[in-house]
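Participant: First the structure, which I've put down as structure tokens, then a few questions once you've had a look.
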Amino acid sequence: MIPAGDYMRDALAVVLLLLPLGMAWDMDHQAVGLSQLIVATLLSILSLALRYLKSASVLPDAMTPGRVQAVRLLMNTPYAIAVVVTLVLGYVGDARGGGPGSGGGVGVGMAIGLAGVLLAAQGRAAEQRGEHSDAALWRGITMVIAVVALALGTLSAVITMVEMSDDAAWNEFVVLLLGVVLFTVVPLIAVRGVTRGDSVWRDVVVVLGVAGLLAAVWAQAADDTMGEAWSLRLDGPDVLFWPGLGAAAAAAGISAAAPAPHGAVR
């Protein structure tokens, strides 16, 4: 029997993987214009069928829950690689009109797609039994994402201060540092609670993820205030990693290993 929560997780993963195809992936490209990303998206969506094939006895008995989880992770790796490559090019790529080394930037499509691929890659509730629990893995992934966000936010702040030191006023630097604290340090504090097995902090990170998703969707129609793509090199990650953090913290393994406090309803 597949729990209803697994069906909901799969449906949400499909939506979050398909939505970015109509959005900006970086400052120069729509996601639908990147053939390698389309292939990675299809592979991630296909990975969602593994659990159903196992339940229907289509897969051999040798495909234990642990092996199903491993294959699912492998099938979602190309999408994760596309995200990493985009982050690197966000600092060293060539954006249109920016010149060599100006950075290719990032778009809201990547923020939403990252959440989708993380939902697709994680183990399902029906697989969380004994040694097959992937709670430790997803706590680690959540922490890695938070640390990467902090590192990139700090790097962007340093680059901005160096490149704009002659033109910017001190209050601009203060705003920049406050942005790093808000978008990267605050989530890291919450993620530390997740790694300690605190279900309350887990819920906080999930709420941050929902807020990040709403901000990404809002950016589609808010060019005057946010914009659907921005310079990662100068503006930092902003809410780029929030949806991914929320998706990783929502892993069924983490939820099973850290049940809600007594009397609380999730």
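In case you wondered, yes, glycine gets a Cβ from its N, Cα and C as well.
Bear in mind that TrEMBL entries carry predicted annotations, made automatically and left uncurated.
The annotation domain 'DUF7937' is assigned in TrEMBL to 6-265. The feature transmembrane segment is assigned by TrEMBL to 34-53, 73-92, 104-121, 141-161, 173-191, 203-221, 241-260.
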Participant: Is it true that the transmembrane segment (241-260) and the transmembrane segment (141-161) have 3 or more Cβ pairs under 8 Å, skipping pairs fewer than 6 apart in sequence?
Facilitator: yes
Participant: Could you give the residue numbers and ranges of same-chain residues that sit at least 6 residues beyond the transmembrane segment (141-161) on either side and whose C-beta is under 8 angstroms from one of its C-beta atoms?
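Facilitator: Those are 87, 91, 118, 168, 173, 176-177, 179-180, 183-185, 187-188, 191-192, 194-195, 205, 232-237, 240-241, 244-245, 248-249, 251, 254, in sequence order.
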